[in-house]
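Student: Here TrEMBL flags 7-122 as domain 'Tetrahydrofolate dehydrogenase/cyclohydrolase catalytic'. For 141-282, the entry in TrEMBL reads domain 'Tetrahydrofolate dehydrogenase/cyclohydrolase NAD(P)-binding'. Per TrEMBL, NADP(+) binding site is recorded for Gly167, Arg168, Ser169, Ile233.
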Amino acid sequence: MTEPMLLNGQRLAAEMRGQLAAQIARVRAQGYRAPGLAVILVGDDPASAIYVRNKKRAAQEIGIEPVDAVLPQGSTTEDVLRVVDQFNQDPAIDGILVQMPLPPQIETETVLARVRPDKDVDGLTVTNLGRLTAGEEGLVPCTPKGILRLLEAYDIALAGRRAVVVGRSRLVGLPVALLLMQRQATVTVIHSRTPEPETIARQADILVVAAGKPHLVTEDWIKPGAVVIDVGIHRGDHGLLGDVDRERVWSRVGALSPVPGGVGPMTILELLDNTWTAYRRHEGLSE
Ligand SMILES: Nc1nc2c(c(=O)[nH]1)N[C@@H](CN(C=O)c1ccc(C(=O)N[C@@H](CCC(=O)O)C(=O)O)cc1)CN2
């Protein structure tokens, strides 16, 4: 078999960020304000702190003004809602994201429901997920949107092909299944209660793994030549691990998105892209 292809999200995201930076610089030169992104971090999860720092840095580098609110681990739902309300009302803020996961005492549903749908740059509100389900224009969740952009950039055909999604989360599994279906793929979603998941996964031309379990997927899950998208990210003693055991699947796959350097950078890119979209809508600029 020919050598598998590595789907390089790091490089694609860098290219796209350059294009966004140029577009933002153009409108700024015409006298428009800077796009504003509010990032809400609650608690002391170390991984979340890294992602938030990376998001703010990426925003700043392309000309989006990041503003953050950092709340302590013991915050209440009401505390978070107050911050969301402030950003909802602030005309300088185009996008609001609440970093997930939230501490267990906070009602995630209630917090997400408070974010104005036109500022929901994570695409996680019921309004935006409903629009996605109906095939209407809205703001699309970042990781799924990044996965589709990565597949498109590498000319990976979806229409008529069999896609299997491992995981059914609101952040990734559910919306990526919808997007793949909209691209005419035949989609199956499997999850923790699915019997014999390997047997179903082995039918996949495109396998998207968002299970949250390090090295869950091994060669037994892979149809020879399959395109495998690894969404997992886990901090092990020897660095970052994905949900896919890269060494064990490598001889069977046709293409693989690596961890790190695959889907992660695409997630941040799509957050910036959604903020740019929200900004243009707020400023009445053409899309
Ligand atoms: N509100 C949200 N919360 C969470 C989301 C999200 O999209 N919105 N997704 C994940 C975490 N996440 C973004 O928040 C995220 C994870 C990983 C990366 C990334 O760039 N990873 C790098 C490695 C970086 C490192 O850890 O050293 C890579 O894969 O190359 C970006 C964003 C859960 N929460």
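The backbone N, Cα and C atoms fix where each Cβ goes, and this holds for glycine too.
Unlike curated records, TrEMBL annotations are generated automatically.
Locate each feature and note its surroundings.
Tutor: In the predicted model, the domain 'Tetrahydrofolate dehydrogenase/cyclohydrolase catalytic' (7-122) shows an average pLDDT of 98.
Cβ neighbour count for Ser169 (NADP(+) binding site): 18 (other Cβ atoms within 10 Å of its Cβ, all protein chains included).
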Student: If the criterion is a C-beta within less than 6 angstroms of any ligand 1 atom, which of the binding-site residues Gly167, Ser169, Ile233 pass it? List them in sequence order.
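Tutor: The binding-site residues passing the 6 Å Cβ test are Ile233.
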Student: Using a 10 Å cut-off on Cβ-Cβ distances across all protein chains shown, tell me which of the binding-site residues (Gly167, Arg168, Ile233) has the largest neighbour count.
Tutor: Gly167
